[in-house]
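Chemist: Okay, here's the structure, questions in a sec.
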Amino acid sequence: MKITVFGTGYVGLVTGSCLADVGHNVICMDVDADRIARLEAGEMPIFEPGLAAMVERNVEAGRLSFTTDARSAVAFGVLQFIAVGTPPDEDGGADLQYVLAVADTIGRYMNDYRVIVDKSTVPVGTADRVHQRVAGALESRGVALEYDVCSNPEFLKEGAAIEDFTRGARIIVGTDSDRVQELMRDCYAPYNRNHDKLMFMDVRAAELTKYAANAMLATKISFMNEIANLAERLGADIEAVRRGIGSDPRIGYHFIYPGCGYGGSCFPKDVQALARTAHQNDYHAELLDAVEHVNDRQKRTLFQKLSRAFDGELAGRTIALWGLAFKPNTDDMREAPSRTLMEALWAAGARVQAYDPEAMQECRRIYGERDDLTLVADRVQAVQGADALVIVTEWKEFRTLDFEWLKSQLSLPVLIDGRNLYDPETVREAGLMYYAVGRGKSLQTAPQVAMTD
Ligand code: UDX
């Protein structure tokens with residue numbers, strides 16, 4: 001099957017290369033000539049495990065190519081995936097300018113039946129808008145051609161995107177056309193062998209499914225963070241509570257880990273966009289507002305714990321950070337809790353000494369050179385000469401830690417763990433002041449660290 005993918009960002013590249021990997025012929029189109037040139041040279045614009053090798057083998061096999069030429073891209077595939085960005089606009093909604101620009105392009109150049117597949121995360125009703133834009137472009141050319149628009153949202157987790165594409169729980173397709181159903185079945189047949197994962201529904205239901213899935217997951221996290229904050233005040237251990245509630249299959253063990261707040265390109269943006277859609281339809285989605293509010297508050301808790309441990313005296317202190325990415329196995333720092341923490345520390349006059357296995361280049365790109373930010377080559381260097389250590393991202397390499405050694409490195413024995421990686425008893429036995437998330441009366445009853453200079 002011939003397939004065109006517009007957009008060579010995260011979703012577009014994963015979609016294009018996974019479809020090529022099962023034998024389809026795929027062209028990925030992007031307006032960014034520089035990015036296409038780099039892709040042709042084998043350079044990935046993002047870090048995603050397994051992606052570079054997959055792109056390379058499919059380019060070599062002649063099934064995957066890249067172009068900036070819109071006319072040939074539209075001429076190529078009967079399926080035209082739109083996988084361009086939908087960044088948040090000023091009001092927290094999704095900015096659709098790139099999606100609609102692709103619709104214009106397809107309408108301008110198409111000469112045959114085309115299925116336009118909305119892969120980008122777009123508000124409910126976008127397929128209708130895409131339909132109108134293509135109609136407008138065809139009308140101005142004075143031609144009448146058949147086409148359909150369907151919704152096929154992605155459910156890719158960064159760091160596990162290839163696994164999610166190839167072995168995802170479901171493949172959602174929103175369409176009312178039998179012809180589209182058949183083409184989409186052909187497209188996904190290689191990934192739909194053992195049991196039927198394809199779910200066909202109306203277009204608006206498919207568009208809403210994507211937002212509902214992310215909002216539900218974000219709700220689980222904010223709920224757990226709320227209970228964790230309560231656990232701290234009550235002297236209960238949230239890890240025991242997590243296991244206790246997770247054992248009920250109606251709740252389940254997945255995605256109920258408390259932490260320092262969710263980040264990334266999806267949850268914050270999608271929860272906001274769904275709340276805004278509700279508002280535009282005269283409905284106040286109170287729960288969604290609360291999910292976002294709890295998360296904003298949670299991202300500030302690392303700083304609050306530090307500030308309390310240092311009695312509010314953070315000026316001139318050096319704080320070590322382990323982890324900058326919003327989660328492990330990615331270099332993405334969008335909406336990352338590390339940013340909320342670093343910015344608060346700088347505002348308080350503290351210095352940051354940070355290490356992340358993948359995200360340091362991204363951190364440099366965002367913040368540039370600053371006197372109060374030192375990026376170091378490994379986790380050992382991060383704590384050298386530091387006053388306290390904060391763990392922000394649960395990279396695997398942080399899971400073991402010699403607590404005695406850490407104590408000998410820090411000028412004050414403060415370890416703040418935003419991901420509940422360690423057993424509190426063990427850490428405290430080593431003489432560290434350990435503040436995790438929701439693990440007993442950590443900050444409420446712990447004695448203040450004696451201030452020394
Ligand atoms: C998410 C969805 O999982 C995916 O289906 C969707 O297509 C895009 O958004 P992603 O943003 O890549 O994927 O990351 P995910 O692994 O879901 O984690 C999101 C955030 O939630 C991270 O900041 C993570 O640290 C946090 N999280 C996750 C928790 O705090 N607790 C948990 O139990 C799980």
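Every residue gets a Cβ built from N, Cα and C, even glycine.
Values in this document were obtained by computation on a predicted structure and should not be read as measured data.
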Chemist: To which of LYS197, LYS210, LYS396 does TrEMBL also attribute binding of substrate at the site defined by PHE155, LEU156, LYS157, GLU158, PHE255, ILE256, TYR257, PRO258, GLY259, GLY263, LYS327?
Modeler: LYS210
Chemist: According to TrEMBL, ASP30, ARG35, THR86, GLU158, LYS269, ARG334 bind NAD(+); so which of THR4, THR121, THR301 is the extra one listed there?
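Modeler: Answer, per TrEMBL (NAD(+) site with ASP30, ARG35, THR86, GLU158, LYS269, ARG334), from THR4, THR121, THR301: THR121.
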Chemist: Identify, in sequence order, the residues in the chain of PHE155 (substrate binding site) that are 6 or more apart from it along the sequence and have a CB within less than 8 Å of its CB; answer 'none' if there are none.
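Modeler: Counting only residues 6 or more apart in sequence, the Cβ neighbours of PHE155 (substrate binding site) under 8 Å are ASP164, GLY168, ALA169, ARG170, LYS210, ALA213.
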Chemist: Near ligand 1, which of the recorded positions show up if the criterion is a Cβ under 6 Å from one of its atoms? Options: PHE155, LYS210, CYS266, LYS269, ARG334.
Modeler: PHE155, CYS266
Chemist: Using the alpha carbons only, what distance in Å do you get between ASP30 (NAD(+) binding site) and PRO258 (substrate binding site) once rounded?
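Modeler: Distance between the two Cα atoms comes out at 38 Å.
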Chemist: So which one is it: of the recorded positions ILE256, CYS266, which has the fewest other Cβ atoms within 10 Å?
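Modeler: Taking ILE256, CYS266 as the recorded positions, the minimal 10 Å Cβ count falls on ILE256.
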Chemist: Find the average pLDDT over the domain 'UDP-glucose/GDP-mannose dehydrogenase C-terminal' (320-424) in the predicted model and report it.
Modeler: 97
Chemist: Among residues PHE155, LEU156, LYS157, GLU158, LYS210, PHE255, ILE256, TYR257, PRO258, GLY259, GLY263, LYS327 annotated as binding substrate, what is the maximum Cα-Cα distance? Answer in Å.
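Modeler: Overall maximum Cα spacing for these binding residues reaches 24 Å.
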Chemist: Looking only at ASP30, ARG35, THR86, THR121, GLU158, LYS269, ARG334, which the record lists for NAD(+), tell me the maximum pairwise CA distance in angstrom.
Modeler: 25
